[in-house]
Amino acid sequence: MAAGADADAVGRDRVRARRVPQRIRVGPAGRDRGGRRGRGGKAAAASSAAEPAAAVPLEVQLLQWRDELIQGLLTKGNVPPLLVDRPANLPLNLALDDQGHTTLHWAAALARLDCVRVLLDQGADAAARAHDGTTPVMWAVRFDDHHVQSSFPDLLNMLGDEAVHACDEQGMTVLHHLVVVAHAAAADEDDKSAVAEAYMKALVGGDTVTQAFLDAQDVDGNTALHLARKQNLPRLADVLVEAGASTNLRNKHGATPAQAAERTARRANAPKRRERKRSTLLGDAARAPAPAGSESEVGHGTTRANL
């Protein structure tokens, strides 16, 4: 009985072994975890070596590079490797956001002068345009990074007068942009007047500042001084006047900066007119269905309600 039982057990084990497939975890070159090649291992290794890696689509690659550049610019200390050893198909003026601000725009805004220098040395456009025509220096005055580091004059020197004095699609210079930014900050009760004043002094205090730059007029004929007076920013207005900005130029409404400020003040202080509410009785009557037998119903003239 014992010998027969042992034979039956061995038989059952053999049947079970045939039913359950042996699972081998195959690693590189078809080897199992024990170092032995699995079935077809040599063929798989040869096939893998013969087939090149699938190329990453350029659109996907650009998105990856964009994210890497953004993180690199935000990390102070080292220039992002992509800028030091730039791939041939990485555009020098790659936009890093949906508004079209380039790597140079963001390097300038974040006071990464080391990155600005690398980009300019490689041929980046110092007056590169975002979708709305904003240049790097126009974008930079929206941030206070340069004020914290006292590096704004250095940025202006690196970009050069031609890029700094450029206009956007609305005829606005960086002076206009700075006034608009300062006004928005004041409206939000975020006092950045000291930052704006420091930036303005750097922009108009150089030896190469031209009268054309100081008195540039936007599409409405407003100079930066017009905007500063209208938006009640006396400190910025004083800096412009001291630098030689004209107080007599007229905008498209025929107003000088002082007159534009007066008109803005009058409109702000004028009492709001109350609109007289008109009676809607006649209108309701006109829209009401005509009574049976009326002239309008039978088509002989009009009812009194429609007069």
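Each Cβ is built from the backbone N, Cα and C atoms, and glycine gets one as well.
Curation plays no part in TrEMBL annotations; they are all automatic predictions.
The feature compositional bias 'Basic residues' is assigned by TrEMBL to 269-279.
According to TrEMBL, the feature region 'Disordered' maps to 1-50 (among others).
Residues or ranges marked as region 'Disordered' by TrEMBL: 247-307 (among others).
Annotated repeat 'ANK' per TrEMBL: 99-131 (among others), in sequence order. According to DSSP, the repeat 'ANK' (99-131) comprises 16 helix, 1 strand, 16 coil.
Per TrEMBL, repeat 'ANK' is recorded for 220-252 (among others). Away from its own ends, the repeat 'ANK' (220-252) comes close to residues 173, 175-176, 178-180, 182-183, 186, 193, 196-197, 200-201, 204-205, 209, 211, 214, 258, 260-261, 264 of its chain (Cβ-Cβ under 8 Å, at least six residues beyond either end).
When pLDDT is averaged over the repeat 'ANK' (220-252), the result is 97. A Cβ distance under 8 Å defines the sequence-distant neighbours of the repeat 'ANK' (99-131), meaning residues of its chain 6+ beyond its ends; these are 69-70, 73-74, 76, 79-80, 83-84, 86, 92-93, 137, 139-140, 142-143, 145-146, 148-149, 151, 154-155, 158-160, 162-163, 166, 168. DSSP assignment over the repeat 'ANK' (220-252) gives 17 helix, 0 strand, 16 coil.
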